[in-house]
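Scroll down for the structure; my scribbles are underneath it.
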Amino acid sequence: MNKIDNYKYDNKDYLGKGSFGKVYKGIMIDKNQEVAIKIMNMSQFQGKSMLISLETEITVMKQFRHDNIVELIDVFGDDKYTYMIIELCDGDLRNYIKSKGGVLEEAEALGVLRQFMLGFQEMIKKGYIHRDIKPENVLFKGNCFKIADFGFATKAEIKNNVKIFKQSVGTPLYMAPQLLEKHAYTAKSDIWSIGIMAYEMVYGKQPWPCRDIPSYAFNIKNQPLKFPVDIRVSDEYQDFIKQCLKKDEKDRISWDQLFQHVILNEIERNYKMENPLDQECQRILAQIQKIVQSRGLDVFVQFQKYDKDEGGSLDFSEFFTFLIQLDPKLTGKEIKLLFEKMDINKDETIGFEEFKRIFFDYDYVKEDFAERIIIDLREIIRANNLQVEDIFAKYDKDQMGDLDYEEFSFMIKEIAKDIKEDDIQAIFDKFDTNNDRTINIDEFREQLIVKQDTQRFQIKENLIQNFIKDLRRIVTENKIDIELIFKNFAKSMREEMNQTEFSKLCLVIDRRLKPYEREQIFKYLNLNDRDGITLDEFSQIFK
């Protein structure tokens, strides 16, 4: 047993590392009270900045006596060691969430959030920000959650965000975009970290994919914030996260507004999602979101591109062309189904807010461990502008035109070095869609959804509208009977015009149409996904 001043501890009661030192469970001798003893070897403090950080932590902690801030009980030392005697807690929020299965129900997450926000309210009142908020720095004692570890805390101008900081400190996964990009930032940086934690508590993951810090910063900048659609969280809780995770500091909620947010007060929360999507729509959207992520597309820009009249909405033909550009494998029936579900106000257009609500606010990809590794692969391909065929050839060691389990396993281990065999098998099975125990180039492409695979399907703007316009003009000018045209081309099935027959009609209208363009026009008209277009569907062109 080691004794220092009025405290004692045993080396076997080591709790872990804090900022600048080791922490042990100890006893305050005169009160027989359990405490945490943080011991710092001053010879390891290299440079003035470490000493300043230690002094800051001590200075800041001395100012607080609050239930939701870990208490500094005593501090003393000599030239060799500094000792901080701190309130002993039961563990940190990271381990608490793990003990609950990796996620918290919203009601429990709210209880945690409200408590450490009371601690923040006290900090902000005294003009301090933390700058290293993460689950490891929120401790719990019984049912009480407390802010801890003030090594990076500093005085800040809270009200007007006048004071600008340039020092990049904290933990990258919880850093605001301004810190990740090494730009100046204000007191609102902690608000971002709170938003990340609020998201992580209820969804069990980070809001953006993170292979490394540069890709994480890129994803935050280029991908919208989305919420997993299969986890039930109230609109109010999601709004709190959205307000915290505004990428531009000017748009981010202020501290005063944050403390007044409805979820920090007792209210009845709204769990109703307008126009809930069925499983088929969720499957289609999951595929589209994978494509958007793999190609690094800005879908806002794409939406505006197809909004020809700049009225803030897409009609069905614009929406069809927009989605076919993203995924040529979609059928007309799938696109029609999605259009009808997304058209919440039933005005036969998709308004920007309707589009954003369904497409951007929710994450439809069921992200298991295998999917996370596949996302990393897509990120590597996109970030390095690689060709999928080159990657495939590199690991196809026997040059047999496929990847067996051993070759595939070697590739995966280069991405995730500590991966378990069971996890590799799960990823392999996801690629091996025909279950022949090898992965061919088509299966490889299918999972990675790379840009070069779909460039040949680029559809000219207004292709469908121009075709319909030309067909109408020819019929009107020549006074041709619509049913007669249909019967002249629908030879094989009489009541339906198949794709080959329709393709011949397309060439009569415009001989320049390429095969894949004729195919997409056929899809546009064949909304029931039968083998052919009916007379009724064909007649809709002229209405």
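Backbone N, Cα and C define each Cβ position, glycine as well.
In TrEMBL this protein carries:
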DOMAIN    9-264  domain 'Protein kinase'
BINDING   Lys38  ATP binding site
DOMAIN    294-329  domain 'EF-hand'
DOMAIN    330-365  domain 'EF-hand'
DOMAIN    383-418  domain 'EF-hand'
DOMAIN    419-454  domain 'EF-hand'
Item to check | Outside the domain 'EF-hand' (383-418), six or more residues from its ends: residues with CB under 8 Å to it | outcome: 214-215, 218, 373, 376-377, 424-425, 427-428, 431, 437-441, 444-445, 448, 450, 452-453
Item to check | Contact set, same chain, for the domain 'EF-hand' (419-454): CB under 8 Å, 6 or more residues outside the stretch | outcome: 290-291, 294-295, 327-328, 368-371, 373-374, 377-378, 381-382, 387-389, 391-392, 401-405, 408-409, 412-413
Checklist entry - Going by DSSP, is the residue listed as 'ATP binding site' part of a helix, a strand, or coil? => result strand
Checklist entry - What mean pLDDT does the predicted model reach across the domain 'Protein kinase' (9-264)? => result 89
